[in-house]
């Protein structure tokens, strides 16, 4: 079983990877766009749903709040969908004889790596949320147990002061 620190470390590494993929995708997209303008061919495929996913991943690893985890999961799903669409669009237009073939191949490779990263990040976010839920439940249970012990201790302290006691509505009251 992974600890919270290991999950957070893995999320940070994957988030940095996603940011790197996003920046690389933007660079490949910019080069591809400029070459497409020269050749008067349409440029398909977006660069970077992964950049946003990586930034949200770092925020999620730092904050660990429920809303940030939901935001990160949503970004991972959007990155996953964007990566799949990007791959499908590029696969449809890629011709091995095209001068843009190496750039399309690079974009498709980045999309595949990004899709894998988004999938693993989503899974790790679910693991982190589950771990945090168990931790909060354990803390709440410990707090309730501690407050119950303190109430029992207070009751026994009141009973042991030597004066006759009465129980009224769950409270110990002295008769004198």
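Each residue's number is its place along the chain shown, starting with 1.
Even glycines carry a Cβ here, placed using N, Cα and C.
What Swiss-Prot records for 11-31 (among others) is transmembrane segment. Residues 43, 45-58, 60-61, 79, 103, 106-107, 110-111, 113-114, 117-118, 120-121, 124-125, 128 of the same chain lie 6+ residues outside the transmembrane segment (11-31) yet bring a C-beta within less than 8 angstroms of a C-beta in it.
According to Swiss-Prot, the feature transmembrane segment maps to 41-61 (among others), an assignment based on sequence analysis.
Positions annotated as transmembrane segment by Swiss-Prot, on the basis of sequence analysis: 67-87 (among others).
Positions annotated as transmembrane segment by Swiss-Prot: 100-120 (among others). When Cβ-Cβ distances below 8 Å are used as the criterion, the transmembrane segment (100-120) is approached by residues 14, 17-18, 21-22, 24-25, 28-29, 31-32, 35-36, 39, 41, 45, 47, 49-50, 53, 76-77, 79-80, 83-84, 86-87, 90-91, 93-94 of the same chain, each at least six residues removed from its ends.
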